[in-house]
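Asker: Attaching a single structure in structure tokens format; questions to follow.
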Number of protein chains: 2
Amino acid sequence: MTMDPEQIDQPIEVSDALYSAVESGDAIALQNLLEPLSLAEALREILQMDSAGRATVLSLISAELAAAIIEEAPHETGADLMETLEVLRAYEIMEELDSDIQADLIGDMQYEDAEAILQQMDAEDAADVRRLIDYDGDTAGGLMMAEVFVFSDTQTVGAVLRQLASDDNDVDRYRGQHPYVLNADSQPIGVVSLRGLLTSKRSDRLTEIMVQPITVPVTASLSELEDIFDKHPFLGVPVIEEDGKLVGVVSRAAVSQALLERSESETMKLQGVVGDELRSMPTWLRSKRRLAWLSANIVLNILAASVISAYEETLTAVIAIAIFLPMVSDMSGCSGNQAVGVSMRELSLGLVRPKDAARVWMKEITVGVINGIALGLLIGIVAWVWKGNPALGLVIGLALALNTMLAVSIGGVVPLLLKRLGQDPAAASGPLLTTVTDMAGFFFVLSLASLMMPWLI
Amino acid sequence: MTMDPEQIDQPIEVSDALYSAVESGDAIALQNLLEPLSLAEALREILQMDSAGRATVLSLISAELAAAIIEEAPHETGADLMETLEVLRAYEIMEELDSDIQADLIGDMQYEDAEAILQQMDAEDAADVRRLIDYDGDTAGGLMMAEVFVFSDTQTVGAVLRQLASDDNDVDRYRGQHPYVLNADSQPIGVVSLRGLLTSKRSDRLTEIMVQPITVPVTASLSELEDIFDKHPFLGVPVIEEDGKLVGVVSRAAVSQALLERSESETMKLQGVVGDELRSMPTWLRSKRRLAWLSANIVLNILAASVISAYEETLTAVIAIAIFLPMVSDMSGCSGNQAVGVSMRELSLGLVRPKDAARVWMKEITVGVINGIALGLLIGIVAWVWKGNPALGLVIGLALALNTMLAVSIGGVVPLLLKRLGQDPAAASGPLLTTVTDMAGFFFVLSLASLMMPWLI
């Protein structure tokens, strides 16, 4: 079976058929319509429905498909979808998911709904989920799944081979994990390779063929996990508590997914969207979240405007300056944002540390001087030619050159300083940069103009 | 061996020791200093050196570690590092990498250097790399590796078990791949599970226990591959040419990595950085790339400024308006960027398609109206109180409200339209949005002010 690219790029228009299947409550039609779609497409179709429609679809299709679609959604949206469902159905879907995904979803649900589902679950599974919720999202504890493929140090090669050969459903859940060997205190003391298993006798003890495993503490950060998976070909790493007990396994896939989500949420924050917004969310919530960020910005904007206000006399005398004020602040804002972008990327690649601020500044200022002079010359000439006044060209060009150097310096360094102060560089770099470049840009133009007043009028 | 988080978060200051080891050419010291670091840290240390220092380090440490560090770098930087090396050394390092990474690096190198390395390689491996370079980066062909774990349809279970149990180095390369069964035409007709192998007799034919594999064409896109790995637990998917011949395998890890790189490069582009900039690159190159993007912006800025220029009389009469012009354009620019952020995210999650523009606009305009009214009221009151003129408050508030609605509409829809036109939404959305919101913002403020002139002075 080969995936046909046409089919994925240009999906059949299913919406109408889907709506009538929802209305008639036709479970088989729903399953047949959604199954051939990509998970993203199926999710998109469902998110376009109202709450009742979403519940109908997710209740009637197979629990397996429903689980896959819900897993495809961002957690917050996935939790919302779960909450539209009857408890028993939500439980059925939950059972199809790994414990780390269960914990993500349940952690984002209303307390009452979450408890109702946990009550349905096997006591041990529910305890696992409650335990996983307590860990920070981007640590080994928050990313691990509780299902582990373990054997005791008294077991033999034969026991592992029997387990692998059995059609026990659980083996599916450990997919890709190597078998870990635990001592009597539940501490992982060994890991066994497939080659080891195939080249030993069935009666051999696991302790004879195992090697010491690399483990991580529950507190290990996403970057630490990334580095371990970069350095080693493992598909999973065992996670231990302070007492050395094995509590779960972080899979390579969970780490990749978390890195991708971090990168996407950084992009959103740099654009001024904090939180997990999708357009399928309620309007008032989207509106409120965006306003929260914008309101903080108002204060900064008023600060910048007060610089112009202080030079009203200069402006009245040479009104042409008003034309170039936004241009100078916008252009240097753009230059500064480029430096922010490079710093954010180097931070996420681990190529700079917060304490490298001085070195980064040195690197940026050289670019700033070159680009400042180039842009200042260009815009200076534009101003001169446009208004026929060389002094105006000098004022605008010089102001832009100076402000570009400043903007690039600040843009490169601000993310590192924010990180050092324990702040989120993605959310705060932009507004900080814009305010400073606006204020400084207005100041450079207007104070230079005041100095050059005799030649300007 | 537990990874100590302290060690990773606060690396020992190795730079000085590293520099003296480079000077004395002490290979063992270099290996011992770099090995305990994370790959990102090791890469950072190396990138801080000059070209000769980089070559010394990468020549003296083990080829395995050098390969891991080079793989950690973005491809373009990795290729630069390779080019600092002697051909024979570059070849040794290349041999440690999978063919997909080899192709990425060689594809980014100067033709002569690339050819010199290819000459050193085994003819078959070199042919593989030449073949891989020809495929588009973000397709199955560009992401696959040529190493495949295959057996013929005449072989038995015993043959696979023997191969798995052998300490043949190559098995390492197929890690995680299931064994594929090829027919006489090199077409993959089956895939064999571990459980199938363990529950069969050694003399059983593979054709008796295999199942039909899911395959993808070399042209399959990154999104299609993402969907297949979302839907199925496979660690790799076989890639076929038009004639059905197996030409490689795309691993789940390669797809995750490509998704992460796409997301990171989108963030950079939204910030106005096109290309793969790191601060370790030559200043003139960084400066030139950033200027290329900024220069295009100048034209757009002049367009916006010409709107102000058209209303110079109004400005002269009510100079206070100049104070609020940048505020109106900045604030609505921010609102529009939030909408761009959400659209970019929904595009990358596959939750909107280019043709959903009308639906997206409907969703955004409601948020735009609410936030436009809220922000317009706020800034209107600020303007009124600040300058003691209610008419000024009305002009500024109304202009901001209107411009916010416009900015949010445009911000939500522009990425989809650009995508539909085959343009890159990440690189072009920002400049387009800013120009329109600047022009419209200036126009709203100044034309409203012209209308209200009697009450403003």
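Every residue, even glycine, has its Cβ placed from backbone N, Cα and C.
Pulled these features from TrEMBL for this protein:
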- B:206-265: domain 'CBS' (DOMAIN)
- B:291-311: transmembrane segment (TRANSMEM)
- B:317-344: transmembrane segment (TRANSMEM)
- B:365-386: transmembrane segment (TRANSMEM)
- B:392-418: transmembrane segment (TRANSMEM)
- B:430-456: transmembrane segment (TRANSMEM)
Asker: Cβ pairs under 8 Å with the transmembrane segment (B:430-456): which stretch of B:291-311, B:317-344, B:365-386 has the most?
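Answerer: Between the candidates B:291-311, B:317-344, B:365-386, the best contact partner of the transmembrane segment (B:430-456) is B:317-344.
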Asker: Can at least 3 Cβ pairs under 8 A be found between the transmembrane segment (B:392-418) and the transmembrane segment (B:291-311), with each pair 6 or more apart in sequence?
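Answerer: No, these stretches are not in contact.
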Asker: Could you give the residue numbers and ranges of same-chain residues that sit at least 6 residues beyond the transmembrane segment (B:365-386) on either side and whose C-beta is under 8 angstroms from one of its C-beta atoms?
Answerer: 324, 327-328, 331, 335, 339, 392-409
Asker: With DSSP, how much of the domain 'CBS' (B:206-265) is helix, how much strand and how much coil, in residues?
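Answerer: Result for the domain 'CBS' (B:206-265), in helix, strand, coil order: 28 helix, 16 strand, 16 coil.
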Asker: For the transmembrane segment (B:317-344), give me same-chain residues lying six or more residues beyond its boundaries with a C-beta closer than 8 angstroms to one of its C-beta atoms, as numbers and ranges.
Answerer: 266, 270, 304, 308, 352, 360, 364, 367-368, 371-372, 375, 379, 383, 387, 389, 392, 395-396, 399-400, 403-404, 406-416, 425-426, 429-430, 433-434, 437-438, 440-442, 444-446, 449, 453, 456-457
Asker: Across the domain 'CBS' (B:206-265), what is the average pLDDT of the model, as a whole number?
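Answerer: Overall, the domain 'CBS' (B:206-265) comes to a mean pLDDT of 92.
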